[in-house]
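Positions annotated as compositional bias 'Basic and acidic residues' by TrEMBL: 1-15, 43-73. According to TrEMBL, the feature compositional bias 'Polar residues' maps to 20-29. Per TrEMBL, region 'Disordered' is recorded for 1-84. Taken from TrEMBL, the feature transmembrane segment applies to 98-122, 134-154, 166-183, 195-217, 270-292, 304-324, 358-380, 386-407, 414-436, 448-468.
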Amino acid sequence: MSVDAEKASLPRDQEPGASALSQTRSRASATRHLAKAGSHDGYSADDHDEDERSRRGDGGEGEAHSAEEEAKGPFEVGWDGGDDDPSCPRSFSKARKWLITIIVSHVSLCVTCASSIYTGTYARMEAEFHNSRIVSVLGLSTFVLGIAFGPMFLSPLSEFYGRRPIYLIAWTTYLIFLIPQAVAKNVATVIVFRFLDGFTGSAFLALSGGTVGDLFARNPILLQRKARNLRKETGDDRWLAPMEKPQCSVTRAVGRSLLRPFQLLFFEPMCLNLCLFSAILLGILYLFFGAFPLVFGTNHGFNAWQVGMSFTGILVGMILGTMTDPLWHRIRSRLVAKLEAETGVQGASEPEFRLPPAIMGSFLVPAGIFMFGWSTFPWIHWVVPIIGSCIFALGNVLLFTGIFTFLVDAYPLYAASALAANAFVRCLFAAAFPLFGVQMYEKLGYQWASSLLAFLTVAMLPFPYVFFRYGKRIRGKSRYAKS
């Protein structure tokens, strides 16, 4: 692992001299390369600027004073040769990188499936525990609530202790919490441990993106371990990783993680409206987990596995939405090229260029829900509402893609908080909607219940276009957004 040595100098109590300074430099270069704490990239040294050097003076006494300042300052640890360092995750083989990516993706998929596959147990639970349907649905809602609250605590902890220990503890407890659910003697046990399972399982949903990013971007925790080893080897406490610079405590980091997403929701209209839109979409999706068995079981006499197959339309819609990504990439490239021609700035771009898929999706979602709702008559073939659900899912993917990427680009310094705010609101809606979904479909009827959901999405329809057209002006007045 490397040394990007900017300078090494004498301790304060040692008389400055050429031989001592040379000896110190030799010791630094014999151990590891180092970078001063002024480095901003984490891999190499950033020299002090010329103004700072001129203030210290050019010769004699100024050089001695400079040596003293450098001796008592911390050294920032970086990778030897950047990506070529064998301990750097970016130097891993492609096979190893993709194996890690597949593992974290697979576990994230397991957690996601665990949230919804539970809906297939309603009938057995009601027969065994003699509870109502609304009580059974609580298990779905509490799991999603766990997913909402977990990242608020686990994400900042991973910044201090690394992702690996969080993964190991979270996955172990996640598996353990499944056992009480399997052998539960009452519904309360199921509901409580569903929440705990969602809380621990959320670690993979919250951190897996960072893990994949470590394979292709920076990895501060490993540099922290390298710095710790250097301190042991050299006995010099000045070796510091970039993330070991003076920072807040774990408690304060967790508090900030809890506070900042709400600041964005309360003070940023773009963040609030787009979070509400995506929250309504996920709420409707989770509501469908209860509505589909009702609609297809009552109207078409579907049994359990046939009801499960009715969700194929949503699967196909999401796959189609993913396949449209090259189209939206091409559209964004044209917008970027047009802006470059207008401004003369190479690589010029705006966060609003991420919103075209969301604009298209905002039309597809209500269209799909209306089609689903008004084709839920017994005399209409069952494939028609499934096609409607496919269109809804297609619009869902386009909206989520546009909203997520826009939030990251519009709030670059607070991207994690913006996404955390979005995830929190989405999970709240996903937890709440199933609690009234079945009753709403039974009281209003399948057609008007679906129409009510569609009208909610129609009310949110203008926002992606409004932010595409006027987002730059809105960002100019924002305290948090990129202006």
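Placement of Cβ uses the backbone N, Cα and C atoms for every residue, glycine included.
As a quick check, the transmembrane segment (304-324) and the transmembrane segment (134-154) miss the bar of 3 or more Cβ pairs under 8 A, pairs 6 or more apart, so the two do not touch.
Counting only same-chain residues 6+ beyond the ends of the transmembrane segment (448-468), those with a CB under 8 A from a CB of the stretch are 270, 273-274, 276-277, 280-281, 284, 287, 291, 352, 355-356, 358-359, 361-363, 365-366, 369-370, 372-374, 376, 399, 402-403, 406, 440-441, 474. Remote same-chain partners of the transmembrane segment (386-407), defined as residues 6 or more beyond its termini with a Cβ less than 8 Å from a stretch Cβ, comprise 271, 274, 277-278, 281, 284-285, 288, 310-318, 320-322, 324-325, 328, 351-352, 354-365, 367-373, 375, 415, 418-419, 422, 464, 467. The largest share of C-beta pairs under 8 angstroms with the transmembrane segment (270-292) comes from 414-436, of the ranges 195-217, 358-380, 414-436. Contact counts against the transmembrane segment (195-217), taken as Cβ pairs under 8 Å, peak for 134-154 among the stretches 98-122, 134-154, 414-436.
Distant neighbours of the transmembrane segment (98-122): 92, 133, 136-137, 139-140, 143-144, 147, 171, 174, 194, 197-198, 201-202, 204-205, 208, 211-212, 215, 286, 289-290, 293, 304, 308; these residues of the same chain sit at least 6 beyond its ends, with a Cβ under 8 Å from one of its Cβ atoms.
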